[in-house]
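*Asks:* Copying in the features that TrEMBL gives for the protein in this structure:
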{"type": "DOMAIN", "residues": "1-144", "note": "domain 'Thioredoxin'"}
{"type": "DOMAIN", "residues": "394-503", "note": "domain 'ERV/ALR sulfhydryl oxidase'"}
{"type": "TRANSMEM", "residues": "616-633", "note": "transmembrane segment"}
Amino acid sequence: LTAALCSAGSLRRGVSGFQHVLYTKEDPLVILSSGSLKSSVTNSSSAWLLQFFSSWCGHCVQYSSTWKILAEDVKDWQTVIVVSVLDCAQEENYDICREFGVQLYPTIKYFHAHSPESDRGTIFRGADRQVQVMRHLMVDILQNHTKLERPDHCPPLETYRYSEDLLPLLGQRSEYYTAIIVEEPESYIGREVILDLLMFSGVEVKRALSSDRLLMDALKITTFPSLYLLHPNSTHTELHIEKKQRFFFSSLLKMLPGVQRKPRGFGRTSATGLLEALSGKATSVSWRTFNSVKVYTADLESALHYLLRVELATHDYLEGEELNIFKDFVTVVAKLYPVGGSVVKLMKTLSNWLSSIPLQRLSYQKVLDLVDNKMRIAGMFLGAELRWVGCQGSRAGLRGYPCSLWTLFHILTVQHDAMPTALENTGLEEEAAPVLQVMRRYMRTFFGCGECGRHFEQAAASSMDQVENKEDQILWLWDQHNRVNARLAGTLSDDPQFPKALWPGPTLCASCHEEKNGVHIWNRNKVLVFLRQHYGASNLSPKYSIRPPEPPSEPAQFHPFQKEHQEDNKELNLKFKEHPESQARHQIIKQDAGGPEGGVWVLGLGFNSIDMSLCVVLYVCSCLVLMFLFFFFKVKSKRWKHRQSHLQV
């Protein structure tokens with residue numbers, strides 16, 4: 001024991017050479033230091049909940065995960081109460097921890113808003129420091145304050161009475177929704193939902209108690225907690241909540257039409273002005289009605305169109321590692337794209353060609369020629385138009401391509417699970433998570449948003465090696481997508497009409513959501529079932545997809561020999577497409593610019609109409625010569641036989 005204490009003491013004294021990082025800037029909390037503590041909590045417009053910890057303290061290490069969960073759980077409350085940490089094991093923080101009376105770790109203190117400089121905080125002395133208890137403490141801090149200590153942006157948390165506050169609202173028109181949560185007096189759900197909606201506009205949440213008999217009789221409410229909604233058009237109704245949990249109440253209100261997340265870091269006035277300015281510059285786009293339960297092939301086709309014709313076009317040549325990464329991407333899409341048709345034929349043709357060419361340096365123009373089907377291969381087509389449906393944004397510049405790319409890779413992970421042998425003999429089957437690895441390499445190499453690619457690479461480097469099977473592959477991508485949504489929620493890239501939130505929401509998959517010790521958790525088995533169904537081939541809708549153009553009609557005057565020759569060409573082209581070696585040679589030869597427009601491609605040699613006419617003439621002449629030779633030798637043979645018979649006589 002003495003040796004252990006001495007070791008701990010020496011560790012603390014030599015902390016400058018010891019770093020045990022429990023919290024990083026990626027966590028949704030504020031990391032304070034000796035230089036920022038006083039300036040942050042003194043006369044602050046918000047309250048603070050601060051954990052003094054020590055990075056050498058074993059209990060602090062264990063408790064760090066709980067504190068991070070708490071910070072994530074209440075991140076939308078940050079404008080009124082901030083979750084923060086300070087590491088007392090850092091040498092520069094020794095004096096400030098002593099000044100604030102910290103003797104044991106972890107020590108949790110809270111500071112009311114507008115605290116004076118002399119305030120050293122109030123210690124929380126409860127034995128239970130789990131998330132739900134700490135969250136209730138935060139609610140109590142915000143509700144039990146003096147007029148001076150009230151945070152500037154704190155919404156009213158007191159209860160409303162029917163006769164005094166709520167009766168005048170019934171039957172009145174408004175510019176926003178009014179949600180009334182009726183609950184038992186000891187319940188915290190109503191106040192927590194009020195704070196959850198703090199960063200959202202278009203709805204106001206009020207709390208009422210089940211002890212208000214006049215309210216119960218007027219609204220006919222019998223179960224608690226319940227949600228009663230007053231619509232802007234003066235109608236009102238009780239909303240059905242499948243599970244009486246805080247997450248379900250908050251999610252339902254956030255999804256109401258017109259309810260939008262306020263941009264992060266902006267006040268209401270400035271944010272509105274900025275959005276109006278951006279919207280004024282946006283190009284008006286016709287809205288496409290869609291069903292959020294469905295996945296639309298138009299989004300997938302738009303993603304491939306943008307990827308192949310726009311994003312890839314920034315590379316004049318593909319060579320070395322870039323070329324290999326592109327080959328792997330095309331292979332995965334060709335093998336796992338969930339629906340057949342012209343897009344699959346294009347990707348398979350492109351994949352066969354890329355796998356057969358011996359070149360290590362390839363011109364992008366050659367790829368584009370094949371994508372645009374310059375060879376006029378029947379049945380191969382990819383629309384050259386962006387048609388976002390499920391990924392359309394409320395204005396130009398929002399959602400669109402990133403959304404569709406996420407959707408494409410979600411579908412590929414689900415298809416790999418449904419078709420486990422699809423990637424055999426491709427060189428990718430040896431990887432535990434081939435779809436994720438291909439996505440990782442593509443994002444790192446080709447994705448236009450460099451910062452986004454770096455974020456994805458960091459996430460992949462930290463946890464992708466833990467993916468061991470196809471089910472893990474599906475869930476890993478879903479989890480990372482939710483993490484990205486959480487990080488970008490409320491930023492300028494967040495569409496106010498489609499705010500980034502945990503997905504799937506309760507309306508799509510109620511069984512995916514559960515609660516443990518008052519904290520929302522995912523039922524991952526139910527999530528896996530949902531993802532398999534949602535991104536399965538049977539849930540794809542072809543509505544709004546661009547159809548291949550109709551083949552040109554046959555001319556009225558058409559020479560029979562020319563028609564026969566065209567049929568021969570079709571047969572030759574069919575054989576050509578079945579042999580990748582011939583296809584490779586065909587693709588490497590580029591059509592010369594000297595021929596007239598409208599030439600017919602035969603085996604990639606670029607015969608024009610004059611060449612075809614000469615071929616027909618030559619064909620006819622050859623037939624005539626052969627017929628002449630046939631009759632000539634026929635007559636000669638008869639004469640020769642006749643002479644032989646006379647000689648014998």
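Glycine too: its Cβ is placed from the backbone N, Cα and C atoms.
Model, not experiment: these values are computed from the prediction.
Give me the structural setting of these features: burial, nearby parts and distances.
*Replies:* Across the domain 'ERV/ALR sulfhydryl oxidase' (394-503), DSSP classifies residues as 66 helix, 0 strand, 44 coil.
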*Asks:* Pop the mean pLDDT for the domain 'Thioredoxin' (1-144) in here, whole number is fine.
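*Replies:* Averaged over the domain 'Thioredoxin' (1-144), the predicted model reaches a pLDDT of 88.
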*Asks:* With DSSP, how much of the domain 'Thioredoxin' (1-144) is helix, how much strand and how much coil, in residues?
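*Replies:* Reading the DSSP string over the domain 'Thioredoxin' (1-144) gives 61 helix, 26 strand, 57 coil.
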